Amino acid sequence: MDSGACYTNQSFVDDEGSARSSARRVTPCAASGVVLNIQGLKAAADESDVPPLQCRARFRELLLGDQPSQNEDRVHVEFYVNENTFKERLKLFFIKNQRSSLRIRIFNFCLKVLTCVLYIIRVMTDNPAQLRNTCVKCNSSSQNNEINWELIFWVDRKTPVWAIQVIVASISFMEAMLLMYLSYKGNIWEQMFQVSFLLEMLNTAPFIITIFWPTLRNLFIPVFLNCWLAKHALENMINDLHRAIQRTHSAMFNQVLILICTLLCLVFTGTCGIQHLERAGRNSLSLFNSLYFCIVTFSTVGFGDVTPQIWPSQLLVVVMICVALVVLPLQFEELIYLWMERQKSGGNYSRHRAQTEKHAVLCVSSLKMDLLMDFLNEFYAHPHTQDYYVVILCPCEADSQVRRVLQIPLWSQRVIYLQGSVLKNQDLLRAKMDDAEACFILSSRNEADRMAADHQTILRAWAVKDFAPNCPLYVQILKPENKFHVKFADHVVCEEEFKYALLALNCLCPATSTLVTLLVHTSRGQEGQQSPEQWQRMYGRCSGNEVYHICLSDSMFFREYENKSFTYAAFHAHKKYGVCLIGIKREDNKSILLNPGPRHVMAAGDTCYYINITKEENSAFTVRQEAHQGKNRGHCDILNSPSGLPVHSIIASMGTVAMDFQNTSPTGDTAKLAPPAENGLGSRRPSIAPVLEITDSASLLPCDLLSDQSEDEAAHSDEDVPSASECMKGYPPNSPYIGSSPTLCHLLLQKAPFCCLRLDKACEHVSFEDAKAYGFKNKLIIVSAETAGNGLYNFIVPLRAYYRPRRELNPIVLLLDNLPDEHFLEAISCFPMVYYMVGTIDNLDSLLQCGVLYADNLVVVDKESTMSAEEDYMADAKTIVNVQTMFRLFPSLSIITELTHPSNMRFMQFRAKDCYSLALSKLEKKERDKGSNLAFMFRLPFAAGRVFSISMLDTLLYQCFVKDYMIPITRLLLGLDTTPGSGYLCAMRVCESDLWIRTYGRLFQKLCSTSSEIPIGIYRTESHMFLPSESQYSVSSEGWSDTKETKGDEPKVLTRSSSGSDQSEHPLLRRKSMHWTRRLSRRAMKRSDSSFFSSLPKHSASRRSEREELTELVRNRMQHLGLHTGFKDVSNLTASDVMNRVNLGYLQGELNDQQNSLSYVLVNPAPDTHLQLNDVVFLIRPDPLAHVPAEPPVRTHFKESRPDTPEMNQV
């Protein structure tokens, strides 16, 4: 076979699918290799039976390029060839590589420390007597000289010590020369004259010379100066260590280390230098004495017992002191600067503390004192969080107020402030976010651009989730359209959703905002207990009620009601323990149901949600046996205790709660309620049907989902109420944002055109141009807002929910500063009686056109453009002044105002000379000094539900850390979420025909037995009667009041019209209240009786003239706008005209001059609380889609019940 021949291998496929190969000799090749015979392959392909490749295979072969061209040249390119040189490899090992460079630094540091240790050994083994036989020219020295210079230049160095020092010096010399070579950059002199290089040469070159010149082996070499080289090596080593382990924010540690090393080097240099120079004097010093002298000298103590005797050592001391005076202040200045910067940034939260202690992180863009105190007070209000630390991560520097708060011992040990950004992993690592128990991310609601604030919050939430995926997130968002970006968070509170839903329910259920605020704040019910005012004590005690949960099988409250209906358990738990059961959660279902109704049967695995002063685990129970009274009395008097009051839960204000209840043991199948006899006769109060343990399913009829209960109740339909042919019940077709919960609502069959939604402009469909022309029968609800945001949609939905009777729907007018966009109009066009107009509340014409005279409620929403102000708390200035103006113009109009800062609510309906408001201000200050979280609760506008601030609901997010069910329950109460089978919040008013029920406990039974509704609180209004003068005259005239109290016909200066027995039966309590009010007033106006009464007519006349002037102003504007006034003919007034005149104050006469009212909320009052006329009871009504009772539910008044009904109450 020829060596130059080439062969080609060919493979063929048989028909059976097997492959065979053949080799064919071809012409010799000029060069070695394989030559592909294309022609032979083509011939073989023609001869074989193998079919040609399909088009798909040919295309794939073309794409893969399996047969490259032989003429294609390939070039191998090598990268980083400059690093292959010997110098670059040495530089990579000694300098660039972090780990190898760190090892070199550590080795160099050890060498320097070793040289210092060898110097100390040499000093300790030194014998100056042997120097005469070894040193050069020793005999020429005279022994009579004061300084023996021979002992300065020559030392006694032992051979082993010399050998080791030579070896160490040689290694150090070669290393120094190598590093000088590697770091050479063109200027050799700059490197040679570095201090570190000069010290290295001074301590290494002489030892190398002694190898070749043995007579110089005892030459003194200042090896102790290597301590400065060791300090330099340590600094480099720490820097390399930080680079290797990626440690950051260690400038403080570095500076402290440098300072300590500088001090050690100064002391060591001075000790060794003085000890060596003092060898030449008469009295030499040991190393210890020299060290003692240096410490005493540098500490400025200066005992003087050890001092240098010769001038060289004295000169060295002077030099060392000068160096210390220059070096140390610079080091201390740098250290103080870093310390101040660290105080601003907050330092780090150590990993050891994060792993051994629990902490939560609060992330905010800017921190104010109010926000900080609200968070800390609510977070630490629970015993579960007492051992937690709070780490605040904020990009801004803490202001002076926040720093003062954090310096309080109560917070300084538990709160750590870190200045940093959540978007930086280094700052998250400083806060140890991955070990945190929770992370709270709050939005900056005072920003002018709230959308930008939400975007920042979203990025913060994403950053935390990326860095610590397992950390629970509690996020506060402002705009509802941004909520879906953070739906991965464990708990999300959308501010505008809750705000508008609360304001909407305030129009239907008065003071809903106050009710919810009291429920989401942690309190022990101690507020106002020292006040002589009865309403303040009752209001403060009931404010301590909160929502808790417990499993039914573990509960003392509810376990006896297993296999009983929910309504039965709710009524008897309230009667026996004073707790209000509001909802449950099935063991196999994650949804919470509020008042599921009598069909729900309590199971052992149910989670019960109830309202009480404290949770059951902190309660103690005491069973009291009641003596049976009467011979033939075989039942227990359930409602009468030895004190004459019904037995209910007596809740303590602090610590463990003691609950007294009696052991009821009925002798028969039924026990009869024995009401006390009236007027000494045997007549009884009307009976109330018992609450059944298990409701008969046959008595519960299915509900027609599309029917309206109001149609059956009302025999007639009003003209303004949309008829059944115009309305339907369904889900809104257009949601303005992603994430809104679908709610069944009253809808129009056909969407209203956009032009018909404009109230103040006529169109081709509607010719009306003001609210008067529409002729609404129900009172209007006006909402004043800056823009029609997506959150305003949540104001409309609760007012158009399917469970609201259609005949009771109130027209809604949106008074907007700016025109709404088409997307918002598209969303609201499906709702009946919803209109908008462009205007502001500071424009009287806009208010009159939108129908303020025919409105029942005016809701003033805080404007985004005014939320930020240069001066704190001034953001509400414009809103407060505008509302005060409307209050003076329309005194009977119910105005609900939203404020940015809760502390500004004291300016609502402000009276400059109202001593009662001044007394409430004093009470607020006292409660704040006691550490109350609800110090503002006694302000009359807040107690009455007339003012609201969304910041008061920040505690809702904070409470979710301990009570993870608070957000779902609040959303169900406000109607933001709808769950099948869950009830909703509503209200009923107690009229005169309902007073036969008398107590709240009997009302509870009446509602549970008839309509299955659960009452949770009372909104009570009491009236204050004043003389026709300013309140300061009636309150501050002590002498006049005291003299009149002794007479029988005394004028009542301050009384409360109340149907209860608390105020009317205790005149002494009113007298104490008067004295308390006088005592709190700062300036008492001392007037005589004659001057006081002489001033009354004049002052009353001035007030009437002011009212007439305001009324004339409104009437002139109405005439200018072409609005009908209807003031002249009083005999032909319509309902709208009456409402008009009432709002203007015409029909009030002198009543407005004499009467002021106060309102407040009682959350879960005691069963023996007496009902009063016009009390509004908050109810949780069962879902009408779930079931409807056989009998129509009892509504606001019970007209079918008569006080003389002779029935017996069955229990």
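Placed from the backbone N, Cα and C atoms, the Cβ positions cover glycine too.
Copied over from TrEMBL:
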TRANSMEM  106-124  transmembrane segment
TRANSMEM  162-183  transmembrane segment
TRANSMEM  256-274  transmembrane segment
TRANSMEM  286-304  transmembrane segment
TRANSMEM  310-332  transmembrane segment
DOMAIN    357-493  domain 'RCK N-terminal'
REGION    662-685  region 'Disordered'
DOMAIN    778-918  domain 'RCK N-terminal'
REGION    1035-1072  region 'Disordered'
COMPBIAS  1041-1053  compositional bias 'Basic and acidic residues'
REGION    1190-1211  region 'Disordered'
Highest-contact recorded stretch vs the transmembrane segment (310-332), from 106-124, 162-183, 256-274, 286-304, CB pairs under 8 Å: 256-274
The transmembrane segment (106-124) versus listed stretches 162-183, 256-274, 286-304: most Cβ pairs under 8 Å: 162-183
DSSP helix/strand/coil residue counts for the domain 'RCK N-terminal' (357-493): 59 helix, 28 strand, 50 coil
Residue counts (helix, strand, coil, in that order) that DSSP gives for the domain 'RCK N-terminal' (778-918): 55 helix, 29 strand, 57 coil
Arithmetic mean of per-residue pLDDT over the domain 'RCK N-terminal' (357-493): 90
